[in-house]
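Features reported for this protein in Swiss-Prot:
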type: ACT_SITE; residues: E117; note: active site
type: BINDING; residues: D18, D116; note: Mg(2+) binding site
type: DOMAIN; residues: 14-198; note: domain 'UmuC'
type: SITE; residues: F23; note: site 'Substrate discrimination'
Amino acid sequence: MLIFPLINDTSRKIIHIDMDAFFAAVEERDNPALKGKPVVIGKDPRETGGRGVVSTCNYEARKYGIHSAMSSKEAYERCPKAIFISGNYEKYRTVGDQIRRIFKRYTDVVEPMSIDEAYLDVTNNKLGIKSAVKIAKLIQHDIWKEVGLTCSAGVSYNKFLAKLASDFEKPHGLTLVLKEDALCFLAKLPIEKFHGVGKKSVEKLHDMGIYTGQDLLAVPEMTLIDHFGRFGFDLYRKARGISNSPVKSDRIRKSIGSERTYAKLLYQETDIKAEISKNAKRVAALLQDHKKLGKTIVLKVRYADFTTLTKRVTLPELTRNAAQIEQVAGDIFDSLSENPAGIRLLGITMTNLEDKVADISLDL
């Protein structure tokens with residue numbers, strides 16, 4: 001049996017900072033009259049004929065079950081007294097830059113994941129502070145004192161655990177996961193809390209009887225690889241607190257895409273359009289996960305003879321709407337010259353990305 005080595009670097013000190021309900025918190029800070037009231041960042045459905053989606057909301061609104069990517073119409077139905085604010089991205093970006101400068105006081109090894117969250121590697125920090133927890137507390141203090149906002153912090157020896165830790169106690173929490181506590185911490189977590197495990201993977205894991213980190217720990221590595229491929233390799237390690245991904249300084253994501261290679265070639269238009277739909281939904285979900293919008297849709301088609309065609313369309317407005325991405329990608333495919341060779345690869349990529357408040361219209 002093939003056995004892959006388990007290499008666990010526990011020497012690093014990683015902090016994950018996640019701003020608490022960032023856009024809504026900025027609005028509350030600038031308008032104290034909003035405090036204690038349900039605030040939703042998104043277009044008011046009463047002014048748009050029920051169109052639009054929720055970008056984010058404050059914790060008061062979340063008590064009503066409102067969450068990001070929910071239709072504004074449903075958010076209003078859940079909480080008619082909610083206050084809808086379209087949002088001011090330029091203001092949020094300015095505040096985000098202010099927070100980034102605070103991070104840079106402690107380390108230059110900062111990987112922003114979006115406008116309101118980032119990983120920091122403070123193993124060799126600028127101030128020579130040995131305790132990552134102390135640095136996390138100082139950052140929380142600085143952000144509150146200078147920016148007037150709260151954030152949650154997770155501290156551990158890798159990005160995976162630090163991210164989980166920052167989600168553990170919100171808002172304004174700080175959670176430390178030591179190497180000796182990692183297995184116990186992960187064992188109790190529902191599998192859907194594992195960062196990177198999507199809805200379809202959760203369903204598949206549940207079908208396998210895997211509901212918690214403890215359940216995952218009991219599954220042989222090759223079983224996970226057989227079911228999930230490379231992702232199974234990662235899952236096996238994450239269940240053991242192993243993730244050696246580095247913090248990439250000032251990483252800027254330039255594109256988000258999804259592509260698939262087919263062992264059985266695609267010939268029928270219905271099959272091709274079905275795969276375009278799957279890729280479009282995957283891209284839309286990734287855009288949502290990374291809090292991005294995109295403007296340029298790129299379709300990639302590789303035929304059985306290895307002829308590869310790539311064509312792009314730039315939209316007039318930013319989007320992360322799955323139906324729109326699918327429609328445009330389908331139109332691109334229809335515009336391509338016919339090729340009798342079967343298709344071995346299909347992919348959709350979104351470029352011209354921006355962090356932005358989602359004020360996308362939806363047909364509801």
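Each Cβ is built from the backbone N, Cα and C atoms, and glycine gets one as well.
What Swiss-Prot annotates, mapped onto the structure for a quick look.
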residue: D18; record: Mg(2+) binding site; DSSP class: strand
residue: F23; record: site 'Substrate discrimination'; DSSP class: helix
residue: D116; record: Mg(2+) binding site; DSSP class: coil
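Around the Cβ of F23 (site 'Substrate discrimination'), the number of neighbouring Cβ atoms within 10 Å comes to 28. Averaged across the domain 'UmuC' (14-198), pLDDT for the predicted model comes to 94. Rounded to a whole value, the Cα-Cα separation of F23 (site 'Substrate discrimination') and E117 (active site) is 12 Å. Applying an 8 A CB threshold to same-chain residues 6+ apart, the list for D18 (Mg(2+) binding site) reads D116, E117, C151, S152, A153, G154, S166, D167, K170. Cβ neighbour count for D116 (Mg(2+) binding site) (all protein chains, 10 Å cutoff from its Cβ): 24. Around the Cβ of E117 (active site), the number of neighbouring Cβ atoms within 10 Å comes to 19.
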